[in-house]
Structure formats: structure tokens, C-alpha cells
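Copied over from Swiss-Prot:
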BINDING   CYS66, CYS68, CYS81, CYS84  Zn(2+) 1 binding site
BINDING   ASP472, ASP474, ASP476  Mg(2+) binding site
BINDING   CYS815, CYS889, CYS896, CYS899  Zn(2+) 2 binding site
Amino acid sequence: MAFRKENKIKSNFSKISIGLASPEEILENSSGEVLKPETINYRTYKPERDGLFCERIFGPIKDYECHCGKYKRIRYKGIVCDRCGVEVTEKKVRRERMGHIQLVVPVAHIWYFRSLPNKIGYLLGLPTKKLDSIIYYERYVVIQPGVKAEDGIAEFDLLSEEEYLDILDTLPKDNQYLEDTDPNKFIAKMGAEAIYDLLARLDLDALSYELRHRAGNDASQQRKNEALKRLQVVESFRASRGRNKPEWMIVRIVPVIPPELRPLVPLDGGRFATSDLNDLYRRVIIRNNRLKRLIEIKAPEVILRNEKRMLQESVDSLFDNSRKSSAVKTDANRPLKSLSDSLKGKQGRFRQNLLGKRVDYSARSVIVVGPELRMHECGIPKLMAAELYKPFIIRKLIERGIVKTVKSAKKIVDRKEPVIWDILEHVMKGHPVLLNRAPTLHRLGIQAFQPKMIEGKAIQLHPLACTAFNADFDGDQMAVHLPLSNEAVLEAQMLMLASHNILNPANGAPITVPSQDMVLGLYYITKLRKGAKGEGLTFYGPEEALIAYNEGKVDIHAPVKVIVKDLDENGNIVDVMRETSVGRVIVNEIVPPEVGYINTIISKKSLRDIISAVIKACGVARTADFLDGIKNLGYKMAFQGGLSFNLGDIIIPKEKETLVQRGYEEVEQVISNYNMGFITNNERYNQVIDIWTHVNSELSNILMKTISSDDQGFNSVYMMLDSGARGSKEQIRQLSGMRGLMAKPQKAGAEGGQIIENPILSNFKEGLSVLEYFISTHGARKGLADTALKTADAGYLTRRLVDVSHDVIINEEDCGTLRGLVCTDLKNNDEVIATLYERILGRVSVHDIIHPQTGELLVAGGEEITEDIAKKIQESPIESVEIRSVLTCESKKGVCAKCYGRNLATNHMVQKGEAVGVIAAQSIGEPGTQLTLRTFHAGGTAANIAANASIVAKNNARLEFEELRTVDIVDETGEAAKVVVGRLAEVRFIDVNTGIVLSTHNVPYGSTLYVADGEVVEKGKLIAKWDPFNAVIITEATGKIEFEGVIENVTYKIESDEATGLREIIIIESKDKTKVPSAHILTEDGDLIRTYNLPVGGHVVIENGQKVKAGEVIVKIPRAVGKAGDITGGLPRVTELFEARNPSNPAVVSEIDGEVTMGKVKRGNREIIVTSKTGEVKKYLVPLSKQILVQENDYVRAGTPLSDGATTPADILAIKGPTAVQEYIVNEVQDVYRLQGVKINDKHFEIIVRQMMRKVTIDEPGDTRFLEQQVVDKLEFMEENDRIWGKKVVVDAGDSENLKAGQIVTARKLRDENSMLKRRDLKPVEVRDAVAATSTQILQGITRAALQTSSFMSAASFQETTKVLNEAAINGKIDKLEGMKENVICGHLIPAGTGLREFDKIIVGSKEEYDRILANKKTVLDYNEVE
């Protein structure tokens, strides 16, 4: 009767470590050895003894019942049966007891020689090919050359069978009988045994020293990299010494996982469904047993070797079947799922079972609208509620003494007897439920509601909660979850109740904004109508106005005068006479008086502002009531107004025909120009598109005027549009204007869609012709296809964002940093995209901000910038404010509250423990789907805005030019003008009186300038204009043109137009890279003045030998044709930025300020040389196919692109530094979202970018433990440098016994040691100062950054699971469970919000008790003081 020990793992652990398992450990955790491949007896269905399901090893199949049936029942618990050897215990031990298989020969673990980087290969310095040939028994490897060393045979040499036998023949007789430890013995083996011996003999310290030396001193870069790679593996093993030994990468004992985790289920018909693992284990056991027998009967070496190879292969496929070239397949030709596969991917252990579990106490059903619900309520069907709250009802039934046992109570509930409804009402009070709608893209996808029981089978949802859930009632389903514990109920009520979540965490705007019918109703009753009944009446107060309306004396839209309560300048509520309408009075009955009197027409936009104001003035609770009032009023009025529309409400403007006619005439004109040869085909196309775009937008404007003046603007269609209830200008334009230009379907992989130049002239009311309809279908279908594809992308983006930022939590109040970001208005040319007010609101200022004119302190350093302060700053002349930002936060873990600023969901400073990283990821990911879903609304309509090709003065101002280079010309009208020939020219408009810069514009190269530097211009004056359709190259000198390298059909082709017979020279990319087309300008005498390169695709507009004047165009390069706007800008661009990828055609960027000289042409690249004033020279190669943006002698700044294309983030980081690249990424991503009209606060992007910039790469390791080129965390880097700061490195140990050369010691220890040596007159220790490491900041894409986090659990559950675990095991990594994912995987509370680790230690007690403890403490202290 032996007893087994219980080893339960505690669940309150705080760290998880991973490492290689030693054979001893596997044995210790095993409950017995599996000897037979049998699983269960097919007749009795009982497990076979010693087989894969053996009860003796893994435990009984039935609770408390042994195999032979001698012991049954719980009273024999813990007894081991003497007949069958099964311990009598619960059957659930079969989920946790492991077994093992003792292998006859060791095998190599496939993870460590098949996956890259090849660990065993790097340790031994063997290439993968050679390693394979050893492991799979093709070659012998020399482990110890012994006496054969003089014959030139060295360790690690590979021998074929013949060579090996030859050597054996030449060995001295007794050599093979020597001990293995004898250095003279010749040893060579094959297979994993050989590798085991080699690994066991490694001296890691010596190897590390040698590799470090090689990495530091080797001249060849390749060998250096090789050494560094090997060094990394060696260092991992040295760092995890004691936990990991290299030889443990060779498996001698295979663990067998518990049988319940690889079940065998009998199906009907005598067949079995089994886990693939059983097959894989079975093959291992069969081969292992066969090998045992072959060795016993002393089979020939060849047979044994084959069997050993097969054993190695079967263990390989058990561990990782997908790694192998020939995966083991089932009969159906499906590869078997191995142990690694069960961890990988969406269906793997991590993502399927640990991060997302199905839970009980849940239900789901279709949702319907519940307009009479309050903001915090939802309707739950009776039957669903009875099932969800079942245990609660049973408890109450027993408490009330209605039934005695649980079983009978269950029956009553199942029969749905009337008594339970009363109890259910009682139970549901104060017991909220959580509603969730998939996909849960942000935290508002799960909210808590107070349930109400309703008849029917559908869940009722409050209409205002729809926006947050992104729900509609066309058949959406939602899931209900029940929080059980008191803590959960409390959190649901306090934090998650729908009426508390009115603000959107992404941007702080209200998210519960009434939509559709509600908006329409409110808009309708707040609209004024001239000449309505009772116009001009005056009332003494709202009551009288309402009485008059109810009596039918005054119309709801009539403009009347009423004395109402409103706010004066100081914000006090006073009675004022206002011109208003009865409708507005009705609305203001609901609005809280603190907000004042709302005397405007209410649209969706203004409603959002009103709700914001109500929240600020009255708090969340009153806002929820206000929203309910607004909802009821809106529905009621939309119903009373009868706001439907008919065909007559869709008005087609009379002017349409004339406009279209004019369009046709203009197009004819363009075509005749083309036929006469004045313009190229490309220009013709661009101009035609332009004409129709103009016609369309003009028609739209006329249409809007027409429809808005119809019936005083009470046209139903117009009201729906204007109130923001439904529809857009685009849609109305297509209903009653014209559909306009359409995009052409493009071939797969071709560049963006061209636009069909014949527009659709009809609208939907007139109906489309067959051809028009056909053209339309393409857009509509493309829209649907895009949507389906892009939704998946958006989801994946969200997942990567969460993974990179889930461990960013507010961990402290103030990190004490002195750095910040400088914030200004964000401008694009002239228009302000984001005001300073928006950008600094709710942030913390770094310095005191003082009003420059009055000198008053607006905000102290370290204080939050509130609405009032931000407004004051915006109104003052202050241009920029330095604010705290997460990008500059210096917290060790997470970020601090001051650097984050305000929590947008509450409008207060963020609290400790807020999971800001996840919020940021959700805020960016959630609109991602909108980025995608916005395409097809345009129906593929090509919105190509007419090109803007001039600079016009917007105000009276003085002009200042920078970097301006021009040549004088006479333009086509005969006016004198200048042509700009510099690339960096800028013009500043300066206010004549104040000297403030009003705006700055780039003056493009090749534009015609009509003003002089310093000139004062009137408003509306044309400053400059340029050709919108072509980029040009202009001569700066007058002279004769001579072409070089311009050869027909080599570097140019001639396009002639059939219609016009006009011929054009177009430069093409030549196969012969030595021929470079260029144009020289010569003087009369034939001296060279200037040379211009002719770029590929340029149209040459002059002849060879022609005379040109300065300022004349020699080449036109047609700009890319107007492409149809599609999302592809959207999501892929965001991904590209967050992944820090280099754009497809990166620009070549100058790294220094300096002067440009053109070099020679090398291999199809033009060399550009930049020389700085200090004499530094940088050379760049630009492919000839690219247009070069600089000319000879131009002066460029660092960061100026030398060729066309986009600048890469890596270049920005290298040249302009981290701050510049951070701002660049944040602003670029913001641009994509802004374009879609999505508002997201900057701080969310900052958090993601902070996570992308966490790592540095080591340049010089100095005396630290880092390696060159190693990527480490900034924090780790700083800590390591701090650790060796001020310490000394021993150069010569002298006569010291304690210190060795190369050791790092503190100054104090050194002093003690040297004084001791001095006393004994011995040679002292010589030292030098320790050298710190140096590093370079790097930018990582979010995927890389997520895989590089300190937590291996988080990384493994993200992507590349096997690789991550593989690395982690070798490094012996320890996961401190600091992020969210790790804790969810372990089943712990997340370390954020109420689960913040500080709160664990808090003891909650009563105040009196606390006071009593304090009093006692005082007396104790006094007593001590007396002594």
C-alpha cells in the first residue's frame, strides 16, 4: 500500500521560468515508463497495461476504482491495488500525470538543429548540412583524435564509412580498449550520441573568450558576423548556467503527455477517433522496442544504423512534424498534428484555450431596439434570464422554504412555475449583465446594463448604445454574460455601466450621440419657418409658449419671442428675452439650465457639442438622463413630423442641361487642340477629366442651393442630409445631379485605376443607360470585395498593436522627466489641420507658461492644461508649448500619469493602473475597419479635385523669399516675370503691421513668379503659377542646345499621333547603361555652360541645335495621372508606417548640409556628391530611372531628398534623430486617419511609437556583458552601464590570488586587495577604468517589437511560437508577468485597473480599528523614547 506524493502547483506564483529539461527532471515528473505501443483493448475498451493509456502509470479511468475492480469507492483513496498496481484516486489525475519513454540511443531535439538560428550548429561551429549528416547516421564525426592527431585528423572532422574503417585498421591494437578519458584514445561516433559527446565536452568560457576575440579583431565582416552569431548562443548558455546545459538539447528520455490531453474516443460502429499524438507516440515506441531487440540479438551495424535513423525521425515528427521535409501523413494525406502544432496559430493552445476561453453563465440572441429603455437598461427575455440566473433562483427558493432540496428546486425552475418570476425580479435587482457584440474592436464593445425582464425571445438594446457597439437591428446578435462575484458585480456597476461610458476613449468626444430618426426629429422642431402661424408673438415664459402651441394658436416652427433662462457673461443663470421658436423651447425643457439656452438648429454635429457641454457642466449621471430625454423627444417628433420623402422631393436643377452642354463644348475645344498638336495625349486626358470634374462640382453646388431653398428648406431629403441623419452630398448628387466620372477596372497588380474620361451624365432619378449602368457596377462590386478583404487586415493590425502595447500601464504619478514635446499648430501649407488648442488640451505643461503681453502665469509647470487654460493660450500670441508626452516619459515600467495627461474617457487626469496601452491599440485599430469600409460609399466615383496650380495672396502682406533662385523671362501674355529654378524656394507672407508670419508656401521649381522679394501685395494678387499637369526642367542659361546620348530606340522613342501627325521625343530607359541622355547648353563659341540630365519618361520639347533663352522649358515630365482615390492609401499606409517598412521607392537623402556636384555615371546610377562647408564629402548613387531633384551647385540641407520618392523612417532617424522620426510617424499616420474624417488623439499614436523605439543596438560593448550588434532594451542598457560605472578592470593580476585578469572590481575591493599585497611586499594589481557600452537608437516595426518583448509568454502567444519558446528555453528566460497577456494566460488578474499589484497588499478595515492601531503604535514609540 504505497502512497504517492501530491504535487499541486500553487496558483499565486509571480514568475515563470523556462529552460531545457534535463533527463533527471523528466524522470522525476514521470509516473512510469510506457513500454508498449498498445492503447486500449478493443473488446473490453480498457487500457492495456504498460501501454499509452495504462492506468497503472496515469491513474484510473473511473473515479476511485482500480483496473481489476478489487477496490471501489472513495474509502480506499490512496491505496495502490496489489493485483493490478493502480492507485485508487480520482480520474482527473489522468490530466496531469506524465509518463516517459526511455530511448535506447539518444536523439537530437529537432527544435535545436532544424530551426534557424541553428543552436547545436552554432555551438559546435558546424553547418546545418554537416550536422544533418551526423545526426541521420550518414557520417562519422571525430570526437577525440587521440593518437591519430599527428596524421592531420582533428576534432569535428567528418569521416565516411570507408575512411572510418581505414583508420580503425591502422590504430594500435589496445587503443580501442582504453578509457574514454584517456587523451590517446581515438573516438569517432555517429548520430545524436556523437553530438551529445561533443556538446558535453564544450568549455563554454574558453569558447566565449575565443569568439569575443575573433568578433573584435577579425578583418573580414562575414567571419565577424559568424562569430557574433555563435557568441549569442554561447552567451545564452553561459547566462543560464546551472539551469541549462548544452547536452540537454539531446533527448535521452521522451516525456509522454497525460492521456486525457490526447484522448481516444470510441465512435459508434466500433471505430475510434484518436488524437494524432497517439499515432506519433506509437511510432516512437515501436521503433524504440524494435531497436532494443535488434541490439539484444546483435544485429549487423547497417541494420542498427537504419533503425536508429528511423527512431530519430519518429521523435522529430513527434516534436515538430511541420519542420520536417517529409512530414508524417495520415491515410487521407493530411500531416499529423505534432506537439509543436498544438501550440501554434489561432487554433493552438495559446490563442484558442489560454487567451480566449468560452465561459458558462452566458447566452446569446438577436437584438431589437428598446426605445423605452433607460440609458443603463437592457431587456432580457424571460426564458433567458431564468436560465442565466438559475443558481440564484434555486438559492432563493430554498431560502424562502418553498422547496427543501436543490433537485426539486431545479425542477421548479425547469417547469417555469409562476413563483420563479417574482424571485427572478428580486434577484436581478442590482445584478447587472454584460452585453457584448462581436467583433469587439474596442472596450466599448462590452458594456454593463441593468437587465429588465421582457416577453419574447430577443434582447432589447438601448438605441444610443448602438454607436459604441457598432450594432444595428438588421439581425445582429449579441452575447450576454453574467458577472458572479461581488467584486465583478461592483466593477460592472461602477466602471462598465453604459450610462458611465458616454465618452469615446479614442478622442474624448461623446459616443452616445443620437443618430438617424432622433436627430431628424430634433432638427425638424428646431428649424424656423417664416410666415408660420403665430409668427412674432411674445410669451412671458416657456409655459405660456407651450400652452399656446397645445391650443393650436402657434406653429411649432414659428419664430416667436420668449423670456427664457440663459447664461450671462459670467455664467450665471438669468431671465432673458430670446427670439426663438416653440420647438426650441420644447428642446430646452430637457436641457439642464447650467448649459444655458440652446437657440440654434440642432444637427448631429451641434448635438455632439451640446452633449459635451452637458457632461462638463453637470456630470455623467445628469447627462444620461438628458440623453434619455433627447431620445424620447427625437423619436416622438420624427413620428409627428411625418418626415418621409417621395420622388418629387428629389429635385433636378434646371441648369443641368446647359452645364453638360458647356462641358461638351470645352471637351471639343481640348480635342481640337490635341488634333492640331498643341498638347500631348496625356495632357488631353488630364484636361478632359478636369473639365468634367469642374462641371460635376458646379452642378453639385447649384443642386445644393436648389434643394436647400425648396419649401424653406423643409424638403425632407435636404433635412435628412443637413441634420446629418442620413445621406451625404455625394449621394444626393448622384440622386439628382449626375453620377460623374467613374474608375476603370484595373488588371490585377496594375497601378491604381485609371478614370474613364466619359462621365455618367445621368442621375438615379433619370435612370442610367445600359452602358452607364455597366460602368457603375464595377465600382459597386469592387467596394464589396475590398470590404471583405480589408476587414481582416484591420483586425490583424489591431492584434499587432495590442501585442506591442499591452504592457503599457500607468505605473506612477510622476516620472520626474524634464523633457517634453514641442507642440504647435499643425499646418498643411496654409490651412490649420489641428489647432494648438486641440493638441495641448488635457496634457501637462513642462514649463511655466506666461502670457507674453500681460505677463500673467497661465499654467505652472507640471500642471494640467484645462479647457480654459488651453483657450487662453490659443488666444495669446504663444505659438508653441512644450508638453509632457509618453514619448519622453522616463518611467522604468509603463508610463507615468503626468506624461500621459488626461484620460479621454473620463476627462480627468489618468489614474494609476489605467491600461493605456490597450486603450491606444483599440483606439487606433477600431477605426481601421472604417478606413477600409469607406471605399465603396463613393461607389467608385473618382473624386479628382481640379488641380490647384497657383499661389494667391489671401491677405494684404509683405513677401519674404528664402533660398530663391530665378531667371527673368517674358510670359505668354507679354508680361515680365521670373521663373524659379531653385528647389528650396519658400515664400512667407508677413503682416505689414505686426510682423507676424501669416503663412509659408513652397514655391515649386519651374513656376512663374510675378512679384519681387520684399514687395507688399494686395489681397487676391497672383504670386506664382505653374503647370499642374507636368513637372518641367528649365534652362538657366541662354545658348545653343546640344544633345548627348539621345539615340533613337536606345534612349528615346518617337511617339507620333495618328490624328495629328505630330511627333514627340520621349526618353526611355535604355538597356545600355553607358548611354546617358543629357542636354548641353553651349555658348556661341561652343563652350559648355550647363548640362541637364533628361529623366526617363520626359517629353523633350526642343530640337537638337535649337537656340534657347534662359527660363525656357526643355523637358516636360507628365505628372502621374489622377488616380481614383481608394483606401489603399488607408490601411496599407498605416501598416507600412507602424511596421517601419521602407516605402517601395525610397528617396535618396542627403545626410549633411552641403553643395551638390554631379559625378560620373556608374552602372546605370548617377553619382551625386555633397560637400559640406567643413569639407566632409558624401557620395550617393541615384538610379537613372529616378528623377534627380537637385541640380549642379545647389545647396542642400541634411535630410533633403536628392531624388523623387518617399523618405524612409530609418533615414529620418539616422539624420534628424529620434524626436523627428517619432513626430514623423505620428503625423503621417494621423494624416491617413484625418483623411477619412476619423479623429484620434495624438497620445494613442505616441504610445505605439514609444513601444517601437524601446530598443537600442550596441555599437561598442566596452566592458559590459553585451555583444556588438546586440539589440537590447534602453532601460537594460542604461542599467548595465550604471552597474560598471566607476568600476575597474584588472589588466594584470600581479601576485593576487583573489583577482584574475579581465575581472571587474569595485574601487574599494581593489584598494583592500592592493594594500594587503603591499603589506606583504608582493606585486600589486594593475587596473584600468571600466569602459561603458555605446549604442544607437533603432526603430522597430510593431511585429518585431512585439516579438522582442521581455515576456516570452506574450511573444509566444503572438507569432512564431516555436521560435520564441526555443530562444527562451536556451536563455533560461524568466517571465515576470508584468503585461496583460502573460497574466491572462496564467489565469491571474491583469496587473491593471483594480488588479494593480499594489492593491493586493492593501488591508481593508474600519476607521476605528485603524485609529486604535495608531494609538497603540504611539504608546510603543513613546516607551522606546524614554529609554
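The backbone N, Cα and C atoms fix where each Cβ goes, and this holds for glycine too.
Residues GLU812, ASP814, THR817, ARG884, VAL886, THR888, GLU890, SER891, VAL895, ALA897, LYS898, TYR900 surround the recorded Zn(2+) 2 site, their Cβ atoms falling within 8 Å of the Cβ centroid of CYS815, CYS889, CYS896, CYS899, which are themselves excluded.
A sphere of 10 angstroms centred on the C-beta of ASP476 (Mg(2+) binding site) encloses 17 other C-beta atoms. For CYS889 (Zn(2+) 2 binding site), the same-chain residues that are 6 or more apart in sequence and have a Cβ closer than 8 Å to its Cβ are CYS815, THR817, VAL895, CYS896, CYS899, TYR900, ARG1250. Annotation for the binding-site residues CYS66, CYS84: lowest Cβ count within 10 Å of the residue's own Cβ, CYS84. Ranking the binding-site residues CYS68, CYS81, CYS815, CYS896, CYS899 by C-beta neighbours within 10 Å puts CYS899 at the top.
The two recorded residues, ASP472 (Mg(2+) binding site) and CYS66 (Zn(2+) 1 binding site), have Cα atoms 58 Å apart. Apart from CYS66, CYS68, CYS81, CYS84, the Zn(2+) 1 site neighbourhood in this chain, defined by C-beta within 8 angstroms of the site C-beta centre, holds GLU55, HIS67, GLY69, LYS70, TYR71, ASP82, ARG83, GLY85, VAL86.
On the backbone, the CA of CYS66 (Zn(2+) 1 binding site) and the CA of ASP476 (Mg(2+) binding site) stand 52 Å apart. In this structure the C-alpha atoms belonging to ASP474 (Mg(2+) binding site) and CYS81 (Zn(2+) 1 binding site) are separated by 63 Å. In the three-state DSSP scheme, CYS896 (Zn(2+) 2 binding site) falls into the strand class. Counted within 10 Å of its Cβ, the other Cβ atoms near ASP474 (Mg(2+) binding site) come to 6, all protein chains included. The Cβ of ASP472 (Mg(2+) binding site) has 11 other Cβ atoms within 10 Å, all protein chains considered.
Recorded residues CYS68 (Zn(2+) 1 binding site) and ASP476 (Mg(2+) binding site) have their alpha carbons 55 Å apart, per Cα-Cα distance.
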